[in-house]
Structure formats: C-alpha cells, structure tokens
Amino acid sequence: MAVTLLVPMKPPRAGKSRLRGAFGVAPHTSLVLALASDTVSAAVAAPGVDRVVVVTGDVEALATLGDLGADVVDDEGAEDLNAALLVAERRLFGPSRAGDAVVGALQADLPALRPAELGRALAEAGGRRAFTADRHGTGTTLLLSAPGGPLAPRFGVGSAAAHAASGALALTTSAPSLRSDVDTADDLAYARELGLGTHTAELLTQACAVP
Ligand SMILES: Nc1nc2c(ncn2[C@@H]2O[C@H](COP(=O)(O)OP(=O)(O)OP(=O)(O)O)[C@@H](O)[C@H]2O)c(=O)[nH]1
Ligand SMILES: C=C(OP(=O)(O)O)C(=O)O
C-alpha cells in the first residue's frame, strides 16, 4: 500500500503566528522552517511512507525541504488549508483518485516526530480512512484516506470531532510524538520534553546562546 503524505504550509513568514517570538531572537521564518524540517525528515524515514509532498503558496521559501527528501508543490492560491490539500490531491492523483494509493495530510509542526510512531499509526489504519487526534484531543495531526478513496479533509477548529463525524477511524496507537504539534510556547516546551529533532533543537540552542 503506497502512502503519500501531504504537508500543508503557509508561506513561512505568515504561518505559526502564535509562536512568534517563542525562540527569542531567532527569525520567525527560521523557526517555521526548523519545525517543518524535523517533521519532513521523520516522515521521509517512516516505515510505509513512499512520498512526502509539501503543499504551499511559497515554493521558493520552502525549497530547502526538498533537500530533505520532500517534493514541494504550489497550492495554486488555495484559500485555506483544506482547499490546499484538495488542490494537491487532484494534482498528484487526478480528479478520480484511481488506483489504490493512500493519501494523507500530516501537520508541518511536529518537531519531535519519531518515524516509528508514524509508521505504527499507518499500520493501525490498515487501509481505513483514519486520523490521529492531537494531544489535547481536539485537533488532528494526521489524516489518512482509504486506498483509492478521497482524503475529504476537515481541518480547522474541532477537527478531531469533525473527522470522526465524517466516518474516519480515530487511531489509538500510543504515538506521543505524532500527537504533539506545536502551536504555542507551551506546546514547544512539551515537545522539548519528548525530544526535539536536530533542526529545532539546534535553533533553540543558538537562540538561547545569544545574550
Ligand atoms: N498551503 C496552505 N497551508 C495552510 C493554509 N492555511 C494553513 N496552512 C497550514 O496548515 C497547518 C495548520 O494550520 P494552522 O493551525 O492554521 O497554523 P498556522 O496558521 O500556521 O498557525 P497560527 O498562525 O498560529 O494559527 C500549518 O502548517 C499551516 O501553515 C493555506 O491556506 N495554504
Ligand atoms: C488546523 C488544525 O491544526 P492546529 O492545531 O495547528 O490549529 C487542526 O487540528 O485541524
């Protein structure tokens, strides 16, 4: 079963506004890129993942994610996150989603992500449309289609309940690193306890070293 993971991202200067200043003097774009670099590196290495595709309105600003093994594609001016995912799904698989490929959406702010935990979630889904809720139980960090089926994303406030209501299976595998997206400074502290990936850890060290 081939799994392609879409990783939606606003242009880095615009995204993750709630984290502005959380890394002291580090530029905001560096912070957004570090979080995404750790996410992409782990996703590319996860068992069962064939392809990782970053979907964004600013391909140029995120080109370095290509060096980590992701493809970076334009969201064609999509108006929001769900629309950007639909644009990429259509672009990669065509309008009818023929074949048995699984498409997923993975949040770009999972700096503690462990490849094995993502692999366990894919294995538990086992070809069913499924999702992982974030550690608060309200948001969604990963949504997977059934083979050949539509992703039908419902990201946004209360997305875990929305995905469950749409018939997606709530995965129960213990995967703290997959559930720990970083929207706030508190989330960053939590991910730090789990163990940050090298890009985010190094940026944090540099930011703290500057008086
Ligand atoms: N390509 C694309 N990605 C988006 C869009 N809107 C949100 N995203 C991305 O989807 C993910 C989750 O979105 P949000 O939780 O709203 O995150 P955010 O807007 O970056 O963060 P805040 O500004 O703190 O709310 C983030 O990686 C966003 O950058 C969009 O219109 N297009
Ligand atoms: C958009 C979502 O993510 P976040 O927690 O980053 O706002 C979501 O969980 O649906």
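A Cβ is built for glycine as well, from the same backbone N, Cα and C atoms used for every other residue.
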TrEMBL annotation, phosphoenolpyruvate site containing G156, S159 - matching residue among T140, T141, T173: T140
Reduced DSSP assignment, T140 (phosphoenolpyruvate binding site): strand
Per-residue Cβ crowding (10 Å cut-off), top of binding-site residues T140, S159: T140
